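Annotated signal peptide per TrEMBL: 1-25, in sequence order. Here TrEMBL flags Tyr56, Gly58, Asp81 as Ca(2+) binding site. The disulfide bond annotation in TrEMBL covers Cys57-Cys77.
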Amino acid sequence: MGDAQRRQLLLVALMLAAAADHSLAGFFGGAPAGVWSRRRRRRQRREAPLMRYGKYCGVSYTGCPGEAPCDALDACCMLHDACVQATDNDYLNMLCNQSLLDCVAAVRSPAARIRTFEGNQCNVTDVADEITSLVEAAVFAKRILHRP
C-alpha cells in the first residue's frame, strides 16, 4: 500500500469516526461542544490534531456560531457547517459536501485571487487543497457506506 493510499484510508477512517460520533473532539480528548470563548479557541488550537483554519474550517470543528467568517474560504466552511447541522449532523451528506467542494473551487479559482485574513500564517491554497482532500474522502466514505 502506497503513501497516498494510506493517507486516503486514514482520512476515510477519520471521516467515519466523525460521522459516527458527530465530533472528533471526544475521540482526541478535546473539549465538548458548548459556548466558545477566545480562551477556549486558543486551547483547542493547541489540541487540534488536524487542519484548522479561520473560524469555521477543520475536521469536526463547527467554529464560532454568530461570528462572521474570516475570509471567503472560511465562509465556505461556515455554509458547510450550517448545511451539516440542517441534515441532523450528517457529515457524509452528499449535497453539503458537494456544495463545499464547489465553493472551495470557486474561491480557489484564479479569478477569485484568494485573499486571507490579517494574521493568517497558513498558505491558503494548501488549506483549500487539504479541505478538498478531506471532503473527497468523505464523499468516498459515503459511497462505501451507501448511506442515503
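Glycine is treated like the rest: Cβ placed from N, Cα and C.
Taking the mean position of the Cβ atoms of Tyr56, Gly58, Asp81 as the Ca(2+) site, the remaining same-chain residues with a Cβ inside 8 Å of that point are Gly54, Lys55, Cys57, Tyr61, Thr62, Gly63, Asp74, Cys77, Met78, His80.
The Cβ neighbour count for Cys57 (disulfide bond), using a 10 Å radius and every protein chain shown, is 29.
Sequence-distant neighbours of Asp81 (Ca(2+) binding site) (same chain, 6+ residues apart, CB-CB distance under 8 A): Tyr56, Thr62, Gly63. Cα of Gly58 (Ca(2+) binding site) to Cα of Cys77 (disulfide bond): a distance of 8 Å. In sequence order, Tyr53, Gly54, Tyr56, Cys57, Gly58, Gly63, Pro69, Leu100, Ile131 make up the list of same-chain residues 6 or more apart from Cys77 (disulfide bond) whose Cβ falls under 8 Å from its Cβ. Around the Cβ of Gly58 (Ca(2+) binding site), 22 further Cβ atoms fall within 10 Å across all displayed protein chains.
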